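Novice: Have a look at this one.
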Amino acid sequence: MKFYSFKFFFLYILIMSSTSLIRFFFPSFFSSAQLQNSQYWKDRLLRAKALGLNTIQTYVPWNLHEPSPGELVFEGIADIESFLKLCQELGFLVMLRPGPYICGEWDFGGFPAWLLSIEPPLKLRSSDPAFLHLVEKWWGVLLPKIAPLLYNNGGPIIMVQVENEYGSYGDDKNYLHQLVSLARRHLGDEIILYTTDGGSRDTLEKGTIRGAGVFSAIDFSTGDEPWSKFKLQKEFNEPGKSPPICTEFYTGWLTHWGEKLAATNAQYTANALETILSRNGSAVLYMVHGGTNFGFLNGANTGSDDSDFKPDITSYDYDAPIREWGDSDSPKFKALRKVIKKYSPVSVPRVPPNNGKRGYGKVKLQKRASFFDVQHTIQNPKDVVEAKNPVFMESVGQMFGFLLYVSEYPAKKNRSILSIPKVHDRAQVYVSCSLDERINKYVGKIERWATEPLEIPSIRCASTIRLSILVENMGRLNYGPYVYDRKGILSDVVMDGSVLHGWRMIPFSFQNLSKLFKESPIVGVGTTTSEKELSHSNLEYHSELLSEGPMLYEGHFTINSTDEIADTFISFSGWGKGIASVNDFNIGRFWPLAGPQCSLYVPAPLLRTGKNVVIILETDAPNHELVVESIDQQDFTCGQRSRSGTK
């Protein structure tokens, strides 16, 4: 193994974004708003340069580039080759992390969700031949694209990672060796391959590949004493070939819904970095710029078991020195820059000014349609699956978002008890008389972390009762032993002790919602028709118990000139939970009831002169004034922040 004699100040950064550089979701929730690839890449890279960094470390998420089997995406925001060339143009070296598993608080750790639809189930991150065959096909596409950009071929890539923190997951050495062989086949013997594992003997024993010419890097918590870790690292590398590198030096931490916003002290972080740099060590700043979990690609974590489910918020600000929206004047940026300048062998560029931000004021929304009113319009009948028992989302081709499960049971005079022992992740339960399925009654929710049985009130119907269960996928696990994380209803559904059979699974494509609104001035809304229909309905209960179900809202704000276009944030304070889009681009999930995030970042390249359209799917509790607000700063003050998110 060769090891080039560079002195690195490493930067940890992701690739997939055309507006915030990082974590930019390609397939939009409402329709595909494919922005061009470099709208904010250069901006964020120049800020990293001004921090004093000289190397970019970037993931390659498999699920971004192959969203369905054989569908390969390398254009627009997924144009990795253009990003790598831009890095080189700006004078950066690159450490590439092509997976196949990346973690990164990214849905399913970067694996494409369609892997979960394969039967028999794949053994992920193992030498399972079926799994390795798919990895070989994927790397057979990816690695030849990056080979011309290797350092020894005149490109910026100096190192390529094999897997990621494998010692914290398994110890299948055959799997690791096969990945190394595959990488060498496409990339040659000159490139430095490396592994990354936690700075403990146990994780290094499991995750490193001795005797294969693969460099063993480590990561550890910011508060740990680094040099004892680096001493241990040397034991797992060839003599004289173990430069001290922390490949994940944590500048902050992630935040889950319902937690206090994670933060770390600026000077504490800078002092910890200086402990490494002062003795000629190197560190990857994780993160230097976190970005945003646009769309549905946020990850999730668990606690003691897979029911202790903790989905990530939409913001991946991470309390990083370059903020989610690109600002680079934070105390942390200044403190880290001061330390890096002290040890940098070259001058550090001037810091670019922050980009402008603007609030466009309140946006009045109009109720457009109940989810149940439009289900027959937005569903494709060919996609509806019928089965004796509920099936998981991925098996019906629904990789993200929502799946509606529908069954029927005989009308009863007494109340019933519904039980769903295993649901991933959040089920909202509705009942109606089968002869009038548009008038639904919301009876409660069953969640992955709270699966207590649900009481179904007495309903008098002339026909059977229709049971509708809307299940939301809130993001797949990206780390830990439960990463094989199928979504939907994963158990029997039991009513009064008896298993319900005869199910329809209805996936929904939201790609055509904006088109639906353009073609129809106001789609039928439950409240406008319920009173008339109730007189003919067999569903007999008070009107105040009626629920329209999840509701779609639309509004707009106007920008008069290009000079007025700037980054903004949509505040959902006073709303419940849901998904939002701006100009047909999914800007992410909002859940102010849980917090801490109140608002969603809207990068300027998503906006346009004239009318800018906001569409919301609210699943829980709409703001009573039906108003959102475009503001000029991020807001993390919502929710019942009961857990500590500080590290």
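Even glycines carry a Cβ here, placed using N, Cα and C.
Grabbed the feature section from TrEMBL, which reads as follows:
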- 9-30: transmembrane segment (TRANSMEM)
- 38-342: domain 'Glycoside hydrolase 35 catalytic' (DOMAIN)
- E165: active site, proton donor (ACT_SITE)
- E248: active site, nucleophile (ACT_SITE)
- 390-508: domain 'Beta-galactosidase 1-like first all-beta' (DOMAIN)
- 550-612: domain 'Beta-galactosidase galactose-binding' (DOMAIN)
Novice: Counting each residue once, how many in the domain 'Beta-galactosidase galactose-binding' (550-612) are helix, strand and coil under DSSP?
Specialist: 6 helix, 32 strand, 25 coil
Novice: Taking all residues of the domain 'Glycoside hydrolase 35 catalytic' (38-342) together, what is their mean pLDDT?
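Specialist: Value for the domain 'Glycoside hydrolase 35 catalytic' (38-342), mean pLDDT as a whole number: 95.
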Novice: Hey, how far is E165 (active site, proton donor) from E248 (active site, nucleophile), Cα to Cα, in Å?
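Specialist: For E165 (active site, proton donor) versus E248 (active site, nucleophile), the Cα atoms are 11 Å apart.
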Novice: Per DSSP, what is the residue tally for the domain 'Beta-galactosidase 1-like first all-beta' (390-508) in helix, strand and coil?
Specialist: 7 helix, 54 strand, 58 coil
Novice: Count the Cβ atoms, other than its own, that fall within 10 Å of the Cβ of E248 (active site, nucleophile), considering every protein chain shown.
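Specialist: Taking all protein chains shown, E248 (active site, nucleophile) has 24 Cβ neighbours within 10 Å.
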